[in-house]
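Taken straight from Swiss-Prot:
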- SER14, TYR99, ARG319: glutathione binding site (BINDING)
- SER14, GLY15, GLU34, THR41, CYS42, LYS50, ALA115, ASP303, THR311, HIS439: FAD binding site (BINDING)
- CYS42-CYS47: disulfide bond (DISULFID)
- ALA175, ILE178, GLU181, ARG198, ARG204, GLY262, GLU309, VAL342: NADP(+) binding site (BINDING)
- HIS439: active site, proton acceptor (ACT_SITE)
Amino acid sequence: MTKHYDYIAIGGGSGGIASINRAAMYGQKCALIEAKELGGTCVNVGCVPKKVMWHAAQIREAIHMYGPDYGFDTTINKFNWETLIASRTAYIDRIHTSYENVLGKNNVDVIKGFARFVDAKTLEVNGETITADHILIATGGRPSHPDIPGVEYGIDSDGFFALPALPERVAVVGAGYIAVELAGVINGLGAKTHLFVRKHAPLRSFDPMISETLVEVMNAEGPQLHTNAIPKAVVKNTDGSLTLELEDGRSETVDCLIWAIGREPANDNINLEAAGVKTNEKGYIVVDKYQNTNIEGIYAVGDNTGAVELTPVAVAAGRRLSERLFNNKPDEHLDYSNIPTVVFSHPPIGTVGLTEPQAREQYGDDQVKVYKSSFTAMYTAVTTHRQPCRMKLVCVGSEEKIVGIHGIGFGMDEMLQGFAVALKMGATKKDFDNTVAIHPTAAEEFVTMR
């Protein structure tokens with residue numbers, strides 16, 4: 001007997017869970033289909049375990065780089081990788097349990113398996129047929145790999161979280177935030193780390209101040225940066241080590257190589273053709289601002305649409321979709337402009353709005369006013385490992401409306417959220433000037449710039 005639902009989500013990641021729970025709250029009969037652990041990339045091989053590892057790297061840096069100058073005897077003989085991984089796993093298990101409890105409370109049927117479209121209203125899962133009035137595709141994405149000889153000897157970001165031990169020498173290939181974060185974590189935990197980027201610097205899409213400062217810190221503290229580095233091949237040596245060969249003849253031998261060159265949509269195994277759902281040339285599902293596909297009753301949110309690939313974006317889009325479909329809000333949709341972003345690098349980065357070059361291109365040089373601040377983070381200022389903290393406000397027009405906020409330095413990851421609200425509300429430089437600073441903090445620089 002075919003089972004029918006009001007709403008089905010294919011994919012138990014951030015977007016699917018958020019949307020299906022919101023729909024269930026409005027009395028819809030819902031099902032969630034997921035073949036792996038709940039939580040998708042973010043919880044299992046992304047944001048959550050990455051942040052745990054970032055904290056671990058911070059602790060090691062505090063002990064070895066900063067502790068002695070604060071007067072602490074920091075002689076430590078051992079770092080236990082297994083203990084760290086066990087603690088991380090236990091934390092993720094608690095998140096899985098939380099998801100299961102909420103879905104159960106909302107009477108959502110969780111179906112373990114892979115879904116494939118039979119037609120626009122019908123899915124096949126584990127040999128059984130189910131139908132729905134509304135179907136959400138939230139299958140997410142997966143790491144990309146280069147097409148070069150020996151690519152199989154490397155791992156990707158998923159594989160990093162399965163490492164049984166910390167390698168002594170690691171190469172990370174990629175210039176985006178995932179590559180920067182992984183390289184920073186591995187370097188912070190004490191491995192000899194190399195970061196290979198195709199052009200002159202990592203994070204080239206960020207404001208130049210961010211990229212330039214990050215390169216400055218990397219040159220001082222690691223990881224070792226290799227620019228204009230285009231991989232040609234990977235060779236596995238007799239001792240188990242790997243040699244990454246570059247097109248220009250350079251090479252580096254390491255114990256572990258991590259591909260972090262980008263991600264691609266995971267849409268290819270659900271038989272989209274049977275439903276008639278359109279994808280673009282890169283395989284991303286084409287949606288409008290309401291998350292509608294070209295087929296009525298089929299929607300998509302998250303990384304498989306090619307939108308901003310961040311967990312809160314998928315969550316927000318999924319919830320707004322359910323509000324529109326099931327709570328009588330016909331115009332509800334996510335505004336994809338001015339989405340704040342944090343990179344958990346060393347030091348962390350926060351950014352929202354337009355970069356300085358983007359603002360100058362959009363508004364013209366004569367309409368743009370930029371305010372900057374550069375100082376040494378207090379946390380490091382009393383030590384021999386001093387680290388820069390740099391901030392920038394990008395303003396436009398006679399009223400100096402703030403259209404971009406950018407920073408790199410200690411605490412930037414936690415301070416950006418509130419400033420993003422201000423930018424989203426249309427704050428001006430005068431609004432910031434009229435806000436009394438909190439002292440002594442790094443955040444006060446944003447309201448005291450001249």
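Backbone N, Cα and C define each Cβ position, glycine as well.
Overlay of Swiss-Prot feature records on the structure.
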| residue | record | CB count, 10 Å |
| --- | --- | --- |
| SER14 | glutathione binding site | 29 |
| CYS42 | FAD binding site | 23 |
| CYS47 | disulfide bond | 19 |
| TYR99 | glutathione binding site | 20 |
| ILE178 | NADP(+) binding site | 24 |
| ARG198 | NADP(+) binding site | 15 |
| ARG204 | NADP(+) binding site | 14 |
| ARG319 | glutathione binding site | 19 |
| VAL342 | NADP(+) binding site | 20 |
| HIS439 | active site, proton acceptor | 8 |
Looking at the binding-site residues TYR99, ALA115, ALA175, ILE178, ARG319, which has the shortest Cα distance to CYS47 (disulfide bond)?
ILE178
Among SER14, TYR99, ARG319, recorded glutathione binders, what is the largest CA to CA distance in Å?
16
Quick one: which of these binding-site residues, CYS42, ALA175, ILE178, GLU181, ARG198, have their CA within 10 A of SER14 (glutathione binding site)?
CYS42
Conformational class of GLU181 (NADP(+) binding site) under the three-state DSSP mapping:
helix
How many other Cβ atoms sit within 10 Å of the Cβ of ALA175 (NADP(+) binding site)?
25
DSSP, reduced to three states, assigns CYS42 (FAD binding site) to helix
Taking just the CA atoms, what is the gap between ALA175 (NADP(+) binding site) and HIS439 (active site, proton acceptor) in Å?
35
Binding-site residues GLU181, GLU309, ARG319 vs the residue listed as 'active site, proton acceptor', shortest C-alpha separation belongs to GLU181
Are there residues of the same chain, six or more positions away from THR311 (FAD binding site), whose CB falls under 8 angstroms from its CB, and which are they?
SER14, CYS42, GLY46, CYS47
